[in-house]
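Have a look at this one before I ask anything.
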Amino acid sequence: MAESLEEAKQEVRQLRAQLDQWAKAYYEQDAPVVEDHVYDEKYARLLELEAAYSELKSADSITQRVGGEVNSDLPKVEHPVPMLSMGDVFSKEELAEFDQRVQKAIGHPVAYNVELKIDGLSLSLEYEEGRLKRASTRGNGQVGEDVTKNVKYIKDVPQKLPKAITTEVRGECYMSKEAFAKLNQERDEAGESIFANPRNAAAGSLRQLDPKVTKKRQLSTFIYTWINPPAGIDSQHQAICEMAKLGFHTNENGRRLENLADVYDYIDEFTKKRDSLPYVIDGIVLKVDDLALQADLGNTVKVPRWEIAYKFPPEEEETVVREIEWTVGRTGVVTPTAVMDPVRLAGSTVARASLHNPDLLAKLDVRLGDTVKLHKAGDIIPEISEVVLSKRPEDSVPYEVPTKCPSCGEDLVHLDEEVALRCINPSCPAQVEEGITHFASRQAMNIAGLGPKIVKQLIAKDLVHNVADLYYLTADDLSQLDHFKEKSINNLLVAIDQSRKNSVELVLFGLGIDNVGGKAAQLIARKFKNMSKIASASVQELTAIDTIGMTIAESLTTYFQQEEAKKLLARLEEAGVNMDYLGEDGEAADNFFKGKTVVLTGKLAHYSRAEFTKKLQALGAKVTGSVSKKTDCLVYGEDAGSKLAKAEALDIPRLTEAEAISKIEEKDTEK
């Protein structure tokens, strides 16, 4: 504690200024500058000082505010019922103190509904006569931002309820670990800055002025609060069950628990499970289950008295940087990676951490031999948070960023205002290798047996220089590869030959054009039907397709204007590679799945999720990630959870994996 009032005043001023700056970066710019636990420690210190020196309390203090200011670029929304923040604690002892306060106020023990604390962005959904009227962020708690146009592109948000009710529900908008990793990879390869964690990726994606951007970002929601629920709903647990029946996406891991011992067991359970969940959680939330008791307990100016968040302690380890490796991606972006002494962190052994670009490397001032603090950003990505300067070797020297490509030796450049460092040599062996590996990948041409090691050998032995060369390989060529015998040779040649029959969207995606992902390739192929028309399409024609923006359109037109691209397409066509769209007009003739919206859930025994999705899409189905009234069919495997229950509640047709395969085989038999 500060020794005098004057010292306390000075520390409070410093803390408020620092916390205001950090909160602005976190809530308003979606670009955090410190880890959550650092913010929490400073915030707790400010609370401690304000409690000790009542004369230092101020209505302007961040401890008396909710969230951040409202983004002036988005329409403002006034919340009829304020969207409050939550108090938080960091130990089981503090949870016990919360429970004692509740019992003292109520006069007897209470049951709690315990929920996972999803690391996302607070969201309000208002319905009028059963139709979505407005969606808004929390903002400062009193006034939020109108994000209705963007929320319409979040698949698990119902646009219409099965009952014509006027109501409001609230929850969390989040980005799954898979979607986050994919988004950051795409941004990294494009030379764009990456998001620090899934929470900020979700916030930045939801608060877009262009809804098309939101649509591409694969956001999800968990709904957990019903404002003024209908008569007969008496508890938080019951409210969540009833909201699920209305079609809202709720979290299946919530439980009604009668005592703190069970709550502690729940915390221990999900402390162990958190790494295996498909989304990020940063704690658990304890809520008095009885809604009448919630009303009796009421709120402070900032937080409800009937709920509290228990936040997981940060996992951070120290290790030593031994090397900084530079790798070249298929688009030419050169990325530094710190190679470190292996250390156990958040459920896995970590020995490498991306430094992303030269700017970050310089900002952190990482040097060989440095001891660094390592954590997992969003519980997913190993990341260096800082250098432990007190342990820096005396003979340490600043790290020099290379000026030559580590693969081909050509000069490295910065394009326009990119932070990324690039090799722009189209013949760079590393780029060629990455490009061919991508072309052969399961998501693209799906050439079984043609992985990175085989591609590396093919290039090293001068057998291929681009993707078209694959279709001119012979058995004699492949016999030159190490450990490649007759069976392996025949299998690879068959796989290459089969890939000639793929639909053109897989070829387009396989070319690895900047910013053109699998979904974009499919939309473009569906519109133009063949590669010739795609290659000659104008920017205006491309952007007329829903969700295709200027970035994708310009990348495509620039690529197809290159002479090398024209020659490559000609050689692919000469090799018999299909250049036509085989979707709705071809393979997807009449069949059970054609035109249906299908959801997959549970563990599939015969195919990976991606393989099954491709099969259904080839039959003309639309595969989505969440169950709603618009879902035509649910295909489920083992351990199917909330999606199956929701489909049953909505009376949506359901097929086991075996039944779905039987339907697919019926289609194959008809061919």
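Counting starts with 1 at the first residue shown.
Keep in mind that glycine also has a Cβ here, set from the backbone N, Cα and C atoms.
Annotated NAD(+) binding site per Swiss-Prot: ASP36, HIS37, VAL38, TYR39, ASP40, SER85, MET86, GLU115, ARG138, GLU172, LYS287, LYS311, in sequence order, evidence recorded as sequence analysis. What Swiss-Prot records for LYS117 is active site, N6-AMP-lysine intermediate, and it gives sequence analysis as the kind of evidence. Residues or ranges marked as Zn(2+) binding site by Swiss-Prot: CYS405, CYS408, CYS423, CYS428. As annotated by Swiss-Prot, domain 'BRCT' applies to 588-671.
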Cα of ASP40 (NAD(+) binding site) to Cα of LYS117 (active site, N6-AMP-lysine intermediate): how many Å, rounded?
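Rounded to a whole number, the Cα-Cα distance is 16 Å.
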Using DSSP and collapsing to three states, where does CYS408 (Zn(2+) binding site) fall: helix, strand or coil?
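Assignment for CYS408 (Zn(2+) binding site) reads coil.
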VAL38 (NAD(+) binding site) to LYS117 (active site, N6-AMP-lysine intermediate): how many Å between their Cα atoms?
19
Around the Zn(2+) site formed by CYS405, CYS408, CYS423, CYS428, list the extra residues of the same chain whose Cβ is within 8 Å of the site's Cβ centroid.
VAL328, GLY332, PRO406, SER407, GLY409, GLU410, LEU412, ASN425, PRO429, ALA430, GLN431
Nearest of the recorded positions to CYS408 (Zn(2+) binding site) by CA-CA distance, picking from MET86, LYS117, ARG138, LYS287?
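Checked the recorded positions MET86, LYS117, ARG138, LYS287; minimum Cα distance to CYS408 (Zn(2+) binding site) goes to LYS117.
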Under the DSSP assignment, what numbers of helix, strand and coil residues are found in the domain 'BRCT' (588-671)?
32 helix, 17 strand, 35 coil
I'm trying to understand the geometry here, so how far is the Cα atom of MET86 (NAD(+) binding site) from the Cα atom of LYS117 (active site, N6-AMP-lysine intermediate), in Å to the nearest whole number?
11
Measure from the Cα of LYS287 (NAD(+) binding site) to the Cα of every one of the recorded positions LYS117, CYS405, CYS423, CYS428, then give the nearest.
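Result: the closest of the recorded positions to LYS287 (NAD(+) binding site) is LYS117.
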If one measures from the C-alpha of CYS428 (Zn(2+) binding site) to the C-alpha of LYS117 (active site, N6-AMP-lysine intermediate), what distance in angstrom results, rounded to a whole number?
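Just about 46 Å between their Cα atoms.
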Using a 10 angstroms cut-off on Cβ to Cβ distances, just flag whichever of CYS405, CYS408, CYS423 is the loneliest among these binding-site residues.
CYS408
So which of the binding-site residues is most packed in, judged by how many other Cβ atoms lie within 10 Å of its Cβ, out of VAL38, MET86, CYS428?
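Per the Cβ count, the most surrounded site is CYS428.
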Check the DSSP secondary structure of LYS287 (NAD(+) binding site), expressed as helix, strand or coil.
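Once the DSSP labels are grouped into three classes, LYS287 (NAD(+) binding site) ends up as strand.
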With the cut-off set at 10 Å between Cβ atoms, which of these binding-site residues ends up with the most neighbours? Options: ASP40, LYS287.
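When each Cβ's neighbours within 10 Å are tallied, LYS287 tops the list.
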Hey, how far is ARG138 (NAD(+) binding site) from LYS117 (active site, N6-AMP-lysine intermediate), Cα to Cα, in Å?
16
If one looks at the chain holding the residue listed as 'active site, N6-AMP-lysine intermediate', which residues at least 6 apart in sequence have a CB under 8 angstroms from its CB?
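The residue listed as 'active site, N6-AMP-lysine intermediate' has long-range Cβ partners ILE281, ASP282, GLY283, ILE284, VAL285, ALA309, TYR310, LYS311.
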